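Notes for the one structure printed next.
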Amino acid sequence: MEAVLKTRGLLSLPPNPTRARSLLNPSQGLKQRLFASKPLGLNGLSVSYKRVPSVVAKPNGLFPEQKSFICKAEAAAAGDGQPLIGETEKKPKFLGIELVTLKKIIPLGLMFFCILFNYTILRDTKDVLVVTAKGSSAEIIPFLKTWVNLPMAVGFMLLYTKLANVLSKKALFYTVIVPFIIFFGAFGFLLYPLSNYIHPEALADKLLAVLGPRFLGPLAILRIWSFCLFYVMAELWGSVVISVLFWGFANQITTVDEAKRFYPLFGLGANVALIFSGRTVKYFSNLRKNLGPGVDGWAISLRGMMSIVVLMGAVICFLYWWVNTFVPLPTRSRKKKEKPKMGTMESLKFLVSSRYIRDLATLVVAYGISINLVEVTWKSKLKAQFPSPNEYSSFMGDFSTGTGIATFIMMLLSQFIFDKYGWGVAATITPTVLLLTGVGFFSLILFGDPFAPTLAKFGMTPLLAAVYVGALQNIFSKSAKYSLFDPCKEMAYIPLDEDTKVKGKAAIDVVCNPLGKSGGALIQQFMILTFGSLANSTPYLGGILMVIVFAWLSAARSLDVQFTALRREEELEKEMERAAVKIPIVSESGSVSPSG
């Protein structure tokens, strides 16, 4: 790398390079400033000049107006075997990428593919299990997310924190991921085949007769407890294995430059995994159609899919071991500042004290509530249209493939959107998409009957049309979330000072993610218990969705103003730092004095 200092009149050198070399030798001021951590000898120092016209102010009248110079300083510690600044150390490359980098990026990409492949299969399967089970419905999901998923997520994080204090990073990784792999294998081969024996259906029926149909959702958790446990473990796979284990490991072994270059490719690879896993779910769904009567096709499909999940889990563990064994860690990863431990109350206080963090928290909570409000309503219509596990699972396979394709396209477009329109526009696209498609979905549910004759010409009923519109709503919302919302959210942390950046992210991790997921669920529970069912609550849910999305858009606009101001301030500070580089000043008389 060649350091070029444009002196603009602050540096005046005689036209004799030999003399300049001898003048610089005693003080070595420029070298000491450029390489303060390791003083260098004179060997390898060269100074070259290029006359450029310059009109500058004369500070304190010390320097007459004259031609200024560009000084190119090249220093090398030849005796230490270090390359010149203008040169780079020759490292083996393949397709223009250093082999050391490829040894990290390829295994990481494969790990991400396997993790997302599993997550898609688990996500589609968990919905089929709890929604289509006997004595259950989509109304179980809000209760599951609030009263089972949230407590288990909090419990996991408390346990994870304790384990992190006593285990090494490698041991912690295996300790967390292996129980997931064992559970999913055991569910496919033990828990599901024994479900008729271990589920207390008689007790649930008695309680339902006493409490009434409004308590169908809470009682279904008791009735199909093993399916609910699978649901929660599948949810935790997404938050724990993807967010905590994978991204923590990726940030540990990659440099910032590598992350900027290759992290977007992980997003593209993830959506390839989404497409393939969607086809896998579709394959096993169609496999059930060819089985004879009396054969539990769902049990056979479940064993096949859980076998793939276990195999992928073993591949993830192998790749993790390989990278830790054969890839050196960057030195900066060992000096990384620890994330402050903030309790829930401390996190809440910090959120309230900072407007920037409040707006960022609003984005996260609003997304969680909005997508939850639409998704559960859509899944209730989906069950009405596809009541059997076979049809439901087949449709979810197509849905996952569609989401993968849409997100892949949006990932390609996202770079253009960021470059052309900036952070502010990118941040408002996700809520706008969710609002427009949400209005169309709820309108079709509430006012679909007048459209029935028109829809019949296309071979559709209002219910089927609502299912398709809801699927498109989810596909577009999630593709916008993966390609725009998530990058915007992470970019918003970049210009913050270190303390606010670390504490703000800790606070949002602890408070806002669970609050967004359970907030929508709590709203739905209140509506179900008040109005008797999810269908009766639909008009009110649509109104709440609009209020939440408008609050989201307002927070995004506010955050854009603050984000832009912080970015300008950051750029100004960088310019001032570059301008404040101290270099030796050589007078015409030949004496050397340090700049100050």
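In case you wondered, yes, glycine gets a Cβ from its N, Cα and C as well.
Annotations in TrEMBL come from automatic prediction, not curation.
Note that the structure is predicted; figures quoted are calculated from it, not measured.
As recorded in TrEMBL, the features of this protein are as follows:
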type: TRANSMEM; residues: 105-122; note: transmembrane segment
type: TRANSMEM; residues: 142-160; note: transmembrane segment
type: TRANSMEM; residues: 172-191; note: transmembrane segment
type: TRANSMEM; residues: 229-250; note: transmembrane segment
type: TRANSMEM; residues: 262-281; note: transmembrane segment
type: TRANSMEM; residues: 302-323; note: transmembrane segment
type: TRANSMEM; residues: 360-378; note: transmembrane segment
type: TRANSMEM; residues: 399-418; note: transmembrane segment
type: TRANSMEM; residues: 424-446; note: transmembrane segment
type: TRANSMEM; residues: 458-476; note: transmembrane segment
type: TRANSMEM; residues: 540-559; note: transmembrane segment
Residues of the parent chain within Cβ reach of the transmembrane segment (458-476), under 8 Å, 6 or more residues beyond its termini: 371, 374-375, 377-378, 381-382, 384-386, 395, 399, 402-403, 406, 433-434, 437-438, 440-441, 444-445, 448-449, 451-452
The transmembrane segment (360-378) versus listed stretches 105-122, 229-250, 302-323, 399-418, 540-559: most Cβ pairs under 8 Å: 540-559
Dominant neighbour of the transmembrane segment (172-191) in 105-122, 302-323, 399-418, by Cβ pairs under 8 Å: 302-323
Positions on the same chain near the transmembrane segment (142-160), where near means CB under 8 A and six or more residues out: 130, 172, 176, 217-218, 220-221, 228, 231-232, 235-236, 239-240, 244, 372, 376, 510, 514, 517-518, 520-522, 524-525, 528
